[in-house]
Structures are given as C-alpha cells and as structure tokens.
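Here TrEMBL flags B:25-48, B:85-109, B:115-135, B:142-166, B:186-210, B:217-236 as transmembrane segment.
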C-alpha cells in the first residue's frame, strides 16, 4: 500500500467517525436554530429578551406620551395615558415571547418523542 | 487605576478629516474598530470563497458555516420571500458578531456597547421593515396593529397598545445588545480591579475572571444571533402580516 492510499484510507475512516458522531448526537439540525445553538444558552437569551421587552414597552409608551404632551400642551395627561398603554404593550410583548417559546419547546418535545 | 467606564470613552485618533455643519469629524477609536470589523470579515469571506475547493480548507469551511447558518435562519424565519434580504441579514450578523468579538480582544474597543451605534442599526432595520411592509401590502399593512379574530369593540384599546408595542421594537432591539455588551465589559473590568487589589488572594477573582471571559464570548455570539434573528422575525411580520 502506497503512502497516498494509506492517507486516503485514514481520511475515510476519520470522515466516517465524524459522520457517525454527528448523526448520533446533538449535531442533528433542529430546524429553527440552524442546529448550532445549545439548549442552555438559548434559554439565557429568552430570559434576557423578556426582561428587556418589559422595560422597552413602558419606555416607548411614556416617551410617546411625553412628546405628544409637549406638542399639544396637555401636560401630564398624555404621559399618563402613554405610560398605561406602554405597560399594556410590554405585557403583551412578554406574553408573545413566552408563547412563542412554549410553542417551540412543544415542537422540540414532539420531535424527540417521535424519534 | 482606570475606572470601569473609561473603556467606553470615545476619543479622536486622527486630526479632524472634514466637518459636518460646525462639527469636526475625525476618525475615532470606535470608527477604527468598525472598519476593522468590516475589513476582517470581508477578508475572511473573500479568502474563504476565493478558492471554492471541493474539499474546503479551514477558512472556506468557516465561511460556509456562516453562510449556511444565516441561510437556514432566513429560510426558517422568513421563508422563501426572505431570499432577497439574505445579503442584508448576513452583513448585519457578521458586522455585529465581529464587533462583539473584537471588543473581547485585549485593548479592543466594543462599538456595540454604544447605544448610538446599536440604536442606529435598530432604527434602520425598523424603518426598512416598515417601508417594506407598506410597499408590499399598502394600507393593508395596518392590519398588523389589530390582532386576528379579536372582537371589534376592543379595537380602541388594542390598536394603541399594538402601536406602542410596534414602536417599542427598535428600543428593545438596541437596548438588549447595548446593555449586554456594556454590562459584560464593566463586570470584567471590576473583577480585574479586584485581582490587582487583593494581591496574593487575587487568584480567586482571577479564576472567576477566566470563567466570565468564556461566558462573555458566549454572550457576544448569542447577542449577535438574537439581534439577527429578531430582525428576521420583524421582517417576516412585515412580509406576511401574521
């Protein structure tokens, strides 16, 4: 067996090992994440998302109210309305994130059960 | 010892190049790192796609991983209608990713830790997505502000809430990236201060620092990913309206 043939066989063997490990383990493409993101880091991102969503809604509402107040000269009233709307928006955003997360969890569970 | 916030200071590196209005514009450390991110990522992808070998080398494999990752993300979250926007989404991801990672290099500067940078990116995405939706659906686009199947009498409450929720998108998108990067770098700096101050016992915070650096690398990649995937989701909303 020549040197080149030996190298080719070696490469074949290594490729087969990697493929097997890939098919067996976490490497299977899961669809929604492109298959690269691990479970724990995904959850960290979701937690962060919810926390910031909660703040952003209120800030956006209050800011819009404040601007409208300055424009129309109705000092505190539109700020109060904007703040309350912002709270509503924040809650609906958080609810939506949690809902989407639950849907994805369920899809993942179903996919795992099917296997 | 330098305070934990000094690392975010922007200073001119060159003399003012030109003026806009009365404001002199010079190359700052932030701008240099942005240029660095563009040059390094373009170089990497140009070298990676230059040879296009059947069996990819290291750099080509890396470029292919990036391409497939974003390709899958766009396909899964936006569908085939998103193909047109792939170059934009790809550039967005690569720029954010390299900005975050270059910030972790010692003596580096994290331009994504400035709300001016992240909010500008988020505002461009927000405006672009809104305009794309308006052009594609015309006035029908505004049905985005009324949830499907809700009773009509709830409209006076729901429409303002949905409107505020829509307008809060660029805020949450930009604050998330900015806050994560800033907090991580402040934490690193404060812990590094302990290492020096505690002398021989500084080994304990040093060990923590090593772990936190690994965590920060994860956060850098994760935040670039989240920034991009949320842009995809917003684009999907505008293209398909629920």
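Here the Cβ of each residue, glycine as well, is placed from N, Cα and C on the backbone.
Unlike curated records, TrEMBL annotations are generated automatically.
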Stretch among B:25-48, B:115-135, B:142-166, B:186-210 sharing the most Cβ pairs under 8 Å with the transmembrane segment (B:217-236): B:115-135
Tertiary contacts of the transmembrane segment (B:186-210) (same chain, 6+ residues out, Cβ under 8 Å): 1-2, 4-5, 7, 216
